[in-house]
Structures are given as C-alpha cells and as structure tokens.
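J.: Feature list, courtesy of TrEMBL:
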DOMAIN    67-94  domain 'C2H2-type'
DOMAIN    95-122  domain 'C2H2-type'
DOMAIN    163-190  domain 'C2H2-type'
DOMAIN    191-218  domain 'C2H2-type'
DOMAIN    219-246  domain 'C2H2-type'
DOMAIN    247-274  domain 'C2H2-type'
DOMAIN    303-330  domain 'C2H2-type'
DOMAIN    331-358  domain 'C2H2-type'
DOMAIN    359-386  domain 'C2H2-type'
DOMAIN    387-414  domain 'C2H2-type'
DOMAIN    443-470  domain 'C2H2-type'
DOMAIN    499-524  domain 'C2H2-type'
Amino acid sequence: MFLKGPLGEKGLICNSFDKNLSLSPSPLVCQGISTEERPRPCYSPENFQHSADLTGQEGLPTPESPFICTGCGKTLRGSLDLVQHQRADFGEKSFMCSECGKSISQKSGLTNHWQPYLNVQPSLRVQCTKVSQLYVCKECGKAFSQNSSLKKHQKCHMIEKSYVCRECGKAFRRKSNLVQHQRIHSEEKPYVCDRCGKGFGRNSNLVKHHRIHRDDKPFECRECGKAFSQSAHLRKHQRIHSEEKPYECDDCGKSFSRISNLIKHHRVHTGEKPYQCSDCGKAFSQSSSLMQHRRIHTGEKPHVCSVCGKAFSYSSVLRKHQITHTGEKPYRCSICGKAFSHSSALIQHQGVHTGDKPYECHECGKTFSRSSNLILHHRVHTGEKPYECTECGKTFSQSSTLIQHRRIHNGLKPHECSQCGKAFNRSSNLIHHQKVHTGEKPFTCVECGKGFSQSSHLIQHQIIHTGERPYQCSECGKAFNQRSVLTQHQRIHTGVRPYHCAACGKAFIQRSKLLKHQLVHTKE
C-alpha cells in the first residue's frame, strides 16, 4: 500500500482503516491509547478527540494544530509532533521499507530513505508497510513483519562460509562471490567499456559507468537540483546539506559523513599504504589514489567535455571543468557569503574563518588547511620531482610548475600587461611587473626602511643586514648571499658561457658582460 502526502482535500490513506482522512484545523486531545491495545500509533480519528466537540468531524488535524498528550501532559504543535513524541516514548518503528527491510519510526524518514530507490523526480509517494510488530535480526539489524520471515532470513547467517580467499582470509558463502572478490587482488577487470576502454571487476559497475557516457543521471537532489547517476552518490551528497557526520575517529575525534572516509582517515594515524604502483613502486593509502596515479604512466584521459572536447584523466576534474562553461556556484559560505563552484572549495575556504589546519607534516610539524598542500610540501623533504619535461629533461615537484616551464620551450606568453604590452609566461610575473607602472612597493625592510615590489627581493636584501651567506660553492668553498650569484660563479669552474654575441660569436659568463661588450659593435 502507498502512503500519499497532502493531495488537496484528501489528506492521507490510513493503513489501519483503509480510507481517506480529511484534514481538520481544530485542536485535538490525544486519548493516550495503550501500547498493549494498539502497539503502533494510528492516524485514525478514533485515536484523537477534539478539546471542543468532535461530532460530525472526520478528524485528522493539520500538522500545525495543537495537541495535548494525556500520557505525560505535554503540549505539542501538531499531529506530526505528537506521533513523533509517542514513538520516542514507546520506542516504536512503525514503517518498514519493502526494499531493504529497514524499520523507520517516522513517515518523513521513510520518505527520505526511499528517494534513492525511485528512478523518477522526487514525489511524496512512498511505499511502506504498516506492521503491528517488527521482528529484528540481531546479526544485521534487518526487520521483518513476520517471525517466520525472520527465521528464514537467519539461515543465511548460519550457512557456513566455505569459500575462503587465500590472499586476505575473507570468507564467502558462494563461489561466485569469492571469484568477484579475488579480482581485487589480481586486478583482473574482464568487463570493459566499449566507449573509453575502462575496465571493471563487476558487470554491475560497468552498467553504472555507462551512465557517464550517456549523461544519464536519474537521481536528483531536492535541495540544490544536482543530479547523480547512482543512488548511493545521491545519499552521500545529501549529507552536505544536512551536515550529518555520524562516523567519528577514536584517535582525533574528527567526524565524517561516510564510513569509507573514516576508514581512509584512519590510515593517516597508522601510516598504512597498502596499494603499490607496479610501474614505479610508489605506495598509496587508497586504491582510488593508485588508479589515478597510474594514469601518469598510461596517459589515459577517458573523461571528455561534451562542450569543448577537452579530455581529463579524472571524472572529478571534468566536473570541475564543466562548471567553467556554466559559471554556476551553488556552494555559498554562511559566514562571508562567498560562493564556490565545488563543495570541496567551500570546505577549504571555511578553514580561513576557523583557522583550522588539520593536516600536519610529521617531518617538521608544519600544518596545512588542505591535504593536497601537505602532499606537495612532503616533496620538500623527500626531494621527489615526479613531473619531467620531455623537451629538456628538467623535473618538477608540481604539475603546475611543469606547465609553466613548458612555456619556455613553446614561447607561449599568455599574460600581457595592459599598460605597455609586455607579455609573460606566468601570471605571477605579470603581477610583479605591473608594480613598475604603479610604483607600488609594499614590502619594507624593518632595518633601513627600503621598499621592494616583491617579497623575494626583500628577503634577498635582508641578507645584507644579517651578513648571511647561505649559498656555498662546492668547488672552492666561496659563499654568496644569493643563489643566482652562486650560479654565475660556478661557471668559472665549469667553463660554461651561455651568453653569445650575435655579431662576433664571443661568449660570456654573465649577461651584463655581454651587454657591455655589444657596445663595442654599436660604437663602430
């Protein structure tokens, strides 16, 4: 049977009386029906009495009508509050999901629980089962309306799990389940997408993946309208709006909306990295991180933007990219009102207000507000530079730095000064350059008051006052206060002369020496 929400004059279909009940605005008094007589509260008019005269009324109040519970004398605002209040006292769970057997005390809870099962636009129609008694399995918590159904179900827990995985010891009742599980260890992926070539261990995962290509997203969030291809993704997303975080870490107290995120978080404390790349040996705490990392070696970019055709290695990056076409920013900070296109960007931004920096480097103790910044920082200690330029072989710790470096080879200078037309390959260089026109020197030396347009210039200048010479030549031991000066000095030992005169071919160690030399040709 279906419980139907407000449908005009007809209010609800009562499972106990199987008839339509109209809504009445008059105040009612609950008769406090004994749980022995009626183990579950009912919306029938026989269970309620007007504080005035009920004669001629069909009886069901509006959700706003006042109620008095005769059991405890508490006054409640409406029928829904009264029913919820009774269930809290009696520990009742009146509604059972016919899909999974879960028992739920409130109709609204069943409505929310059922939304992901509906492949249509959300409505108030909810399939439910009204039961006089629920029989709950102690093993898994699944509930049944009949004791015989519970006993039949419990046999599945008593069946011996005779199929054991040799890799991890996990046991299964069916051989087919063991075969599917073993693909995790063997990395076998027999189900391949004919559109992008991505492989899966299970056919069901391939079916879900197909929705990416045909843009099939039947599960829509009622709060923000965002659509998803899988019901599980919708349920996870809805916790953003409810801010529900039921899973708490015993080590640090941090809470998570998903149990999978808590399991992954635990590895921060244990340092466990069970997933290792077979190409380079790098280990990861998450299997998804390993899969994403492998695309560095394979160059695979299966996710293509339907608007501009740009391809991406990760679906998350594609989703972020697609918002550049729409300009949509649905996530707004409740403190300052700033809007963001992604929930992750909002979460990171909120750390500005709270000052929260939960990610700490175990090497030096430095803390970060983003895990990605901590990962990049770790490379300072490890010296890891995984991004290599194919033109000159130079390596970098960050992909963004490699992208900027490549502009040296291709001559690309996309950042142009509006004042003088000078172009730069980095936006930061343009910002520094623009201070030449404005005369702005925001970085001031506290020792002598001299101003600088760039913080790096101030740092170099301050060495004059401290007398520090941190850059030492490994050949002769001579020390310098700037890295660039050391680089120039080392050319004395190496004999490298990178600056050539176009007129006569003479070479120089320093660019300034070349400029002076070129005056000889201009005087002639």
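Cβ from N, Cα, C; glycine included.
Map these features onto the structure and tell me what's around them.
T.: Summarised as a single figure, the pLDDT of the domain 'C2H2-type' (95-122) averages 52.
Tertiary proximity for the domain 'C2H2-type' (191-218) is limited to same-chain residues at least six positions away from its ends with a CB under 8 Å from its CB atoms, namely 119-120, 180, 183-184, 227-230, 300, 302-303, 306, 315.
Taking Cβ pairs closer than 8 Å, the domain 'C2H2-type' (247-274) reaches residues 236, 239-240, 283-286, 358 in its own chain, all 6 or more past its ends.
Under DSSP, residues within the domain 'C2H2-type' (331-358) fall into helix, strand and coil as 12 helix, 4 strand, 12 coil.
When Cβ-Cβ distances below 8 Å are used as the criterion, the domain 'C2H2-type' (387-414) is approached by residues 376, 379-380, 423-426 of the same chain, each at least six residues removed from its ends.
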J.: Quickly jot the same-chain residues contacting the domain 'C2H2-type' (163-190) by Cβ under 8 Å, restricted to those at least six beyond its ends, or write none.
T.: 156, 199-202
J.: How does the domain 'C2H2-type' (219-246) divide up by DSSP, counting helix, then strand, then coil residues?
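T.: Counting residues per DSSP class in the domain 'C2H2-type' (219-246), I get 12 helix, 4 strand, 12 coil.
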